[in-house]
Amino acid sequence: MHLEDGTKPAAYKKYIAKKIGIIGGMFIFLIFFALFAVSVGAVNIPIPDVIKTLIGGSGTGLYERIIWNIRIPQILTAIIAGIGLAIAGVSMQSILRNPLASPYTLGLSNAAALGAAVGISLFGFGTTGSNITDAVIMENPYLVTICAFVFSMLTSGIILIIAKIKSATPEVMVLAGVAINSLAAAGLMAIQYFVDDTKLASIVFWQFGDVARAGWSELIIIGAVVLICSVYFIWKRWDFNAIDAGDETAKSLGVNVSRVRLVGMIAASLISAVIVSFLGVIGFVGLVCPHMMRRLIGDDQRFLIIGTAICGALLLLISDTIARTLIAPHVLPVAVITAFLGAPVFLYLIVRGH
Amino acid sequence: MNFRVNGVHFDYKSRKVLNGVELNVNQGEILAIMGPNGVGKSTLLKCMDMILKPTAGSVLIDETDLVSLSKQEIAKRVGYVSQRNEVSRTTVFDAVLLGRKPHVGLKITENDYNIVDAALKRFDLEDMQLRRIDEMSGGELQKVCICRAIAQEPNVLLLDEPTSSLDLHNQLEILKIIRNVTEGHQTATVLTMHDLNLALRFADKFVFMKDGIIHDACDAAGVTPEMIENIYGVKVQIEYFKGMPYVIPE
């Protein structure tokens, strides 16, 4: 072949630089917003004190405790869960070739909620009462979390087994997910109908996604899963680009399409299941962040995966900060805000077109 | 370099689609696979690229059996352009850059960018390198897909109905490009086609396929009305006009 006479065109370099610029800009904004988020809340801490405390300087004892025990875990959870949900969403949309695919629409979230409901009502990992700061106190939060995780992974297991029998076509996976979503919703409804008031309250309360639920140990588990799975998706970015160009084209470019689909779905499900089990249902981030970034920087997975991750972190962090400050000292569950904040932005992007 | 298909069989569930297909094509030659809808032309092309694994038989580049190679090694040697192409929100440059995938390790090198640039210039696509492929016409998209296969630097180029759904101007342009690529890059090119007259004008060799086997194989001058009637069940005459053969149904 004689294709040595080309040079990397300047116009293309500029085009790539623009994408990197957008992602870099969002990242810097995320850092600054995170600092701001640490400083605001029920107690407002001046930003210089925040920075002093973070770099190990002499902050006051009260500030130190608030920052390290409350604010930082919550803010990191918002960032990491945002990254996780967004990456799960963007990869599911590629794998399933469907713009509606997300942890929520495929039934993973509802299945986790059903699992939690089963744990609370049938196994009695239930509630003992309530206090002023929390509406409901869970007696055994870890067992509820495990129930939610098991149900969520079972759901993706069923989707994957059906897909495997039908040789992993995207349509089959999406349809199976939608069917299971309805099944989980129906199961949840049935349980809610029969349980007593306190259990009903804790089932409903569990479903309100809330990043304040995670402490350092939960954060480490979520972080590890998100990190490992994200590395996989970034490593396989070219395979996902090839799959976007059609299954046959991808195969002709040497991609093992069924395997990438299968492993990708397992990774995306794992991320979603872990996040939902620890934090409750947080919809919309996984669905909308990929679409926002597709409109901003295009479908190229080399940039889309990282861009979407930062977009997810921003959406969840901003939502959480609003949730904490809107009616302070009371806090709203973040899941309420994500949709209120994300939907108008998303609709604007759709209406504005390309 | 020689590309050879040796007694390839393929079964789809219990239905036999290919029943021992034999063909061979040399570098710098275009071979056209002709035959009615549903005789297994597309399946054969996919078997040639191991997108579908033949149930029996072998596909050889010189003496190397493709079955013995990894998916990536096959992709370095064989380029394939599908009949249907999905479009995503990517630019022409990125779509062609994807053709470098089999050669790329963890990171794209300057050399990969240079090859893409050179390939775009071959196809007169350099002015639209930053246009999005989801906003292109069928003819332009087909050019991009063939260009991607060329950026793959394959020895063998497989094209599934490259001119279907194109207008006359684009049909001729695409076939000229395929001709130039085959000669310029010395690929062994195999394509499927329905338009007999276009095929007679551009291909060097022909195979006529029916019921999963090759009925006749010949060069362009050897095509007879009987071969065509045998395959399509239509009586035709072949007339020459300005030295070019034309198939005219009776």
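From the backbone N, Cα and C atoms, a Cβ is placed for every residue, glycine too.
For reference, TrEMBL has these:
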- A:20-43: transmembrane segment (TRANSMEM)
- A:75-96: transmembrane segment (TRANSMEM)
- A:108-130: transmembrane segment (TRANSMEM)
- A:142-162: transmembrane segment (TRANSMEM)
- A:174-195: transmembrane segment (TRANSMEM)
- A:216-235: transmembrane segment (TRANSMEM)
- A:262-289: transmembrane segment (TRANSMEM)
- A:301-319: transmembrane segment (TRANSMEM)
- A:331-351: transmembrane segment (TRANSMEM)
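Looking at A:174-195, A:216-235, A:262-289, A:301-319, A:331-351, the range that has the most CB pairs within less than 8 A of the transmembrane segment (A:142-162) turns out to be A:262-289.
Most Cβ pairs under 8 Å with the transmembrane segment (A:216-235) belong to A:75-96, among the candidate stretches A:75-96, A:262-289, A:301-319, A:331-351. For the transmembrane segment (A:262-289), the neighbouring stretch richest in Cβ pairs under 8 Å, chosen from A:75-96, A:174-195, A:331-351, is A:75-96. Packing against the transmembrane segment (A:75-96) from elsewhere in the chain are residues 30, 34, 37-38, 102-103, 106, 170, 173-174, 211-212, 214, 218-219, 222-223, 225-226, 229-230, 233, 240, 243-244, 260-261, 264-265, 267-269, 271-272, 274-275, 279, 282, 285-287, 289-290, 293, 301, 304-305, 308-317, 319-320, 334: each is 6 or more residues past its ends and has a CB under 8 Å from a CB in it.
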